[in-house]
Amino acid sequence: MLWEGGENVEFVRTGYGKNMVKVLYIRRQGRHHSIIELRADVELSLSSRKEYITGGNSDVIPTDTIKNTVHALAKIKGVETIEQFSLDLCQHFLTSFNHVTRARVYMEEVPWRRLEKVNKTQAAVFNIDEQQTQSEERLRKNTNGVEHAHAFIFSMETVRFCDVEQNRADLPVVHSGLKDMKVLKTTQSGFEGFHKDRFTTLQAAKDRCFCTSVYARWRYNKVANVNFDGTWKSVKETIIEKFAGPYDEGEYSPSVQKTLYDSQHLVLERLPEVEEIEIVMPNQHYFTIDMTKIGLMNKDEVLLPLDNPSGNITGTLRRKPHAKL
């Protein structure tokens, strides 16, 4: 049945924009250069929806203009962090166009890392045997390599992203995050005491490999005077710290859930500017290969990585609202 007019329907949400806008920003300070390469998705909502209803395009800011704006603001404003640049873009569209009611920017940073040369002293210390002295160990930790002035290497350790959304007359909401941070430890992990029914075949494990690809996304409770770089690095380091534990002995994980919660709790304890944090930790399994049929005893030395199926553990932790007097 075709409806005449639009009296029986209403818009829930509209938006349009430009995706995968790419920029490499180079900050040149004499011979020393710094870079940020980014990919941005920009979405706008307009006060009028006549472009949908009647096909009138007089209010539509072309998506090509949105792309050009990203490039132009990179030149005019510079790119200190992807979070600040996303804030600059939202502010531009909301202040430059009275009929833009909402701006949202999702941005990812390409993981470039400055090349670093390990000096001879550092390389020698890396090769010390198990009888190394405490002074040698301190030297290994404190010796820095020489950073290249303008050369970088693609380092897919993790991907940094942010998501900034602002409605007209409202403060922006800023999320930062990391994804695809794959970590593994070969011991100090188990899973026991779980609920069993007639379909349960999983055996309890006191010691197992623990591998996951971490996704984390956190919301700030303020946007002014935030050290976005410092906070991002602290969240990353905190998650790795709770996953791995002390470098000399590790830390036991009775479940992925416990490691996930401990990471979130420590982030909120350390970083007052973070209001809530979501973490996803898929449990990427490694199973010991049974070699008894070929006459070999495999003592958890040769394992089979399984891409799927995998467990998926997620949780979001936030600060409790302050009690109102």
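For all residues, glycine too, the Cβ spot is worked out from N, Cα and C.
Per TrEMBL, the feature active site, charge relay system maps to K18 (among others). With a cut-off of 8 Å between CB atoms and residues at least 6 apart in sequence, the same chain places D41, V42, T63, D64, I66, K67, V70 near K18 (active site, charge relay system), listed in sequence order.
Annotated active site, charge relay system per TrEMBL: T63 (among others), in sequence order. Of all Cβ atoms in the shown protein chains, 15 besides its own fall within 10 Å of the Cβ of T63 (active site, charge relay system).
The 5-hydroxyisourate binding site annotation in TrEMBL covers T63, D64, F191, R208, V256, Q257, N283.
Of all the Cβ atoms in the protein chains shown, 19 others lie within 10 Å of the Cβ of F191 (5-hydroxyisourate binding site). Annotation source TrEMBL lists urate binding site at T63, D64, F191, R208, V256, Q257, N283.
The O2 binding site annotation in TrEMBL covers T63, N283.
Marked as active site, charge relay system by TrEMBL: H285 (among others). Cβ contacts within 10 Å of H285 (active site, charge relay system), excluding its own Cβ and spanning all protein chains shown: 18.
Among the binding-site residues Q257, N283, the residue whose Cβ has the fewest other Cβ atoms within 10 Å is Q257. Cβ neighbour count for D64 (5-hydroxyisourate binding site) (all protein chains, 10 Å cutoff from its Cβ): 9. Whole-number maximum of the Cα to Cα distances across the urate-binding residues T63, D64, F191, R208, V256, Q257, N283: 53 angstrom.
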